[in-house]
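Visitor: Please read through the structure below; I'll follow up with questions.
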Amino acid sequence: MSSYFVNPLFSKYKAGESLEPAYYDCRFPQSVGRSHALVYGPGGSAPGFQHASHHVQDFFHHGTSGISNSGYQQNPCSLSCHGDASKFYGYEALPRQSLYGAQQEASVVQYPDCKSSANTNSSEGQGHLNQNSSPSLMFPWMRPHAPGRRSGRQTYSRYQTLELEKEFLFNPYLTRKRRIEVSHALGLTERQVKIWFQNRRMKWKKENNKDKLPGARDEEKVEEEGNEEEEKEEEEKEENKD
């Protein structure tokens, strides 16, 4: 494209400096962005463009060499701007531990009753837990039984069992008066004596068939023996006939 067409074309547009924004990019130094601005148009020249590109290449060359020499990779903004990123906003960075300790001490000094209130709250919480864990809250199954009602089976001594057996053989059924006398003599309650006699009568009924009399088994044996004798006599008669 010849200069005849290029010069009128660039004359219609503004120069590059007028179009440059007021802010600058952190990736490039301010000196590179403003003093060596690229000017296009009739007033521009090729050496100016080469000079600016030379500065940019030098900047990136030095910046990358500094980054490679350091132990970690840094942001180019911190290298090209004011150097230290902690001083960019106008204050110096403080170590976190010391800052935290200072804040903690300041809060303690500012609120002296904080520690005492915390101790009181912890003591109240422990007291509340102790109250909840106290045996005052008892469920029905945790309550002890009444002294008159004992759970489980009653165990009788050999002497008590012997005396009760004697009384049972004498009379399986006890009157109220006799039950009181036996209970006082053996150190038992009327209910215990009554239950023992009931169980003993059930045991006797299981051992002895209640539907038959005590001599019923003997009668059955006699009948069986008589039937056997009759069968033998019939066999002897048949042999004699033959």
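Cβ coordinates come from backbone N, Cα and C, glycine included.
Note that the coordinates shown come from a computational prediction; the quantities given were computed from them, not determined experimentally.
Copying in the features that Swiss-Prot gives for the protein in this structure:
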- 114-154: region 'Disordered' (REGION)
- 116-136: compositional bias 'Polar residues' (COMPBIAS)
- 138-143: motif 'Antp-type hexapeptide' (MOTIF)
- 149-208: DNA-binding region (DNA_BIND)
- 206-242: region 'Disordered' (REGION)
- 206-220: compositional bias 'Basic and acidic residues' (COMPBIAS)
- 221-242: compositional bias 'Acidic residues' (COMPBIAS)
Visitor: If you average per-residue pLDDT over the DNA-binding region (149-208), what number do you get?
Guide: 88
Visitor: Pull the DSSP breakdown for the motif 'Antp-type hexapeptide' (138-143) and write it out as helix, strand, coil residue counts.
Guide: 3 helix, 0 strand, 3 coil
Visitor: Which numbers of helix, strand and coil residues does DSSP report for the DNA-binding region (149-208)?
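Guide: Within the DNA-binding region (149-208) the tally stands at 42 helix, 0 strand, 18 coil.
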